[in-house]
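A.B. asks: Straight from TrEMBL, here's the annotation block:
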| type | residues | note |
| --- | --- | --- |
| COMPBIAS | 385-403 | compositional bias 'Low complexity' |
| COMPBIAS | 484-495 | compositional bias 'Low complexity' |
| COMPBIAS | 496-506 | compositional bias 'Pro residues' |
| REGION | 381-420 | region 'Disordered' |
| REGION | 457-509 | region 'Disordered' |
| TRANSMEM | 20-45 | transmembrane segment |
| TRANSMEM | 65-89 | transmembrane segment |
| TRANSMEM | 110-130 | transmembrane segment |
| TRANSMEM | 156-181 | transmembrane segment |
| TRANSMEM | 202-225 | transmembrane segment |
| TRANSMEM | 259-281 | transmembrane segment |
Amino acid sequence: MFSLKQNSWFIRKVVIWRAVASIAWSVLLLPVTTAVFVLLSRFSLFHPIQWISDCTSLLAASSTIFSLVVLCGVVLITGFFNLEFYTLVPSIPCSRMALLGTVLHPRQCVHSLVYCTMGMLVMWCASVTIGGRYSTLGTTCRQSESGEVVTCLNEYHLFILLAGAFMGYSHSFLGVVQNMYYVSFQPIQQYKYPRFKGCLPMVVKCSVIQALYSARNFAAFYFFFGYAPKTWISSTLNLQIDSSLQPLDSLTGLLDLSLLYHLSISGTFLYLTWYLTVLLFRIYVTEAYSFPVQSTFTEDAEQSLPKVLAEKNTLVMKFLALQDLALLSQHSLSRRLEVFSLSQPGGHAHNWNAISRECLSLLSELTQRLVAHQDAVASNGRVKSQSASSDTRSASSSSSVVSGTEDIAETPRLSVPLRTPGSVFKSSVGGANSALTAPFTPDVDSPFSSPAIRRLVGQQDPQSPCFGTVQSPHIMRRGPKPWSASTESQSSGSPPASPATVPSPPAASQKPSFLAQWLQNRREQVKSFLAKRVLIMYLFNKLPEASSQALFADSQAHIWALQGLSHLVAASFSEDQFGVVQTTLPNILSCLVVLLEAVDRHFKLPHASSKPVRTICSMGDSTYKTLRFLLRAVLKTTIYKITTTFGEHLNAVNISTEHRKRLQQFLEFKD
């Protein structure tokens, strides 16, 4: 209990305080961005002195101070959502239906509603700051018939408020589509200020572009549907509509350059406020943290690097530990010596054993995932038998076990749920058939399930990503006919079934009734009808690269494990005084070669080698789309680093003949 409390306090200290610091800096930047917005909103080219004096007086006004207080509340809520929704493993929907289910999820609907409200609040602050015809929702007007002065609806103010709600929903929607809450770690470490200064032009550019797109889309939306909210709000608030003014839901009303200009700069201010909060959160959360290799005191043992590497509850701590491992293996001689040191008393290499065990466990888990996916693709989605899969696992594990050494590479699964998102594996928490996604997932046994949908959602290996991978005509095989048992047995290499094992035809008493037969016929008709619908196929068709991207969604952890192992093993050639690395070197080499073979086979599959399409400027991080290419490059670099360091000494390492031949290609620089 004491260690659990200490660990939770340590996690709160590292993660939550970093989030609090990012929110504090976002609040401190609000006066700067507000001052820039005031200067742009009151810009006057022909009266510069009056422009500067008006802006100075406006910045000191009570309305501006109250707007800053409201904006601080918006930033606090935005920072809370960043902390609540951020993820280190992106959610990759395998079909458009899965993406639609994510967008319509109740949690996401609440998120969209909150951002619509915050968008209206920010745009209200912007309209109050701009002043003039945008200041209030109600304005005095004179009726044309009686000449009586009444309160009329200010459509310009309403237009700005509805634009804020529209931009808030756009931001929430793009957060799902573009994985805006995905936090990636930079390959080159920088201090916070240089990184913020380097990313600031990109954030401003993305804010301007997104504001222009949103202004264009909202103008089109208001042109077609603006009359309904205008009429409803005027009747609800008992406000008259001034017929003497040109309505904004018309072409002449929308072709107002001043209106479009203020809408664009207000939208830029809105997106810039949110994007700066997201940027600062990413910078602070991904900042490198140095863990002690071995703790001096017992109460600090849970904060040591080997213990944090085995963290089961908080994924960000494991990522920070792997990042620290990759950095210390390259840049810190004193900490590397601590990794190679022996415990006193006893003389055991606990540090190295724990670190190498966790790294090899990660790599072994990725290898098993790739092999399972390749088996699912090769068998065209048919589930393999338990005996065959167990034979495959035993064969792969036996090749990595070396007699007389500690079996580290045989670790079956990763203790931390470092797997791809729930939309990828059926066995993951909140998978495709969970209660949260059940309304958006087709039921295979449903009367409305067509054969095409069954192939798309299909019954495949539970470990295969997207459980309905896109198949290529070159690797698709015709399924065995149900009446040809001998053909299937011959293709699998097993003898044909004896007549005694062939099931006998059903008895006459088991013949389905007329009603059951009629229902079955109607069911087949409905299935064939839905299978021909273009919309159904469009929604349930698997996205081409989603399967490959989902397999490597968490590969940043594997990349750090490879870098840490390679540099530590290479450094042990001259720094390991006690030979602790030599005991596990066979397992490490075998694990690397097996992983390389699995990766090479994966890149021979369809769509695995296709490069992702470049997107326009957005705050969504798309680095996960190229993680598989980076992993393959780092894996080959790892093997080259070890082979070039040890050279011909690797011939004395006890590994299998096949693995030795593959390593020889690296020694001769032929791979």
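Every residue, even glycine, has its Cβ placed from backbone N, Cα and C.
I'd like to know what surrounds each of these features in this structure.
C.D. replies: Within its own chain, the transmembrane segment (65-89) is flanked in space by residues 16, 19, 22-23, 26-27, 30-31, 34, 111, 114, 118, 121-122, 124-125, 128-129, 175, 181-183, 273-274, 277-278, 281, 285, 315-316, 319, 418-421, 553-554, 556, which lie at least six positions past its ends and keep a Cβ under 8 Å from the stretch.
For the transmembrane segment (110-130), the residues of the chain that approach it from at least six positions outside its boundaries are 34, 37-38, 41-42, 58, 63-64, 67, 70-71, 73-74, 77-78, 81, 85, 157, 160-161, 163-169, 171-173, 175, 262, 266, 269-270, 273, judged by C-beta separation under 8 angstroms.
Tertiary neighbourhood of the transmembrane segment (202-225): same-chain residues 159, 162-163, 166-167, 170, 174, 248-251, 254, 260, 263-265, 267-268, 270-272, 275-276, 279, 616-619, selected by CB-CB distance under 8 Å and a gap of 6+ residues from either end.
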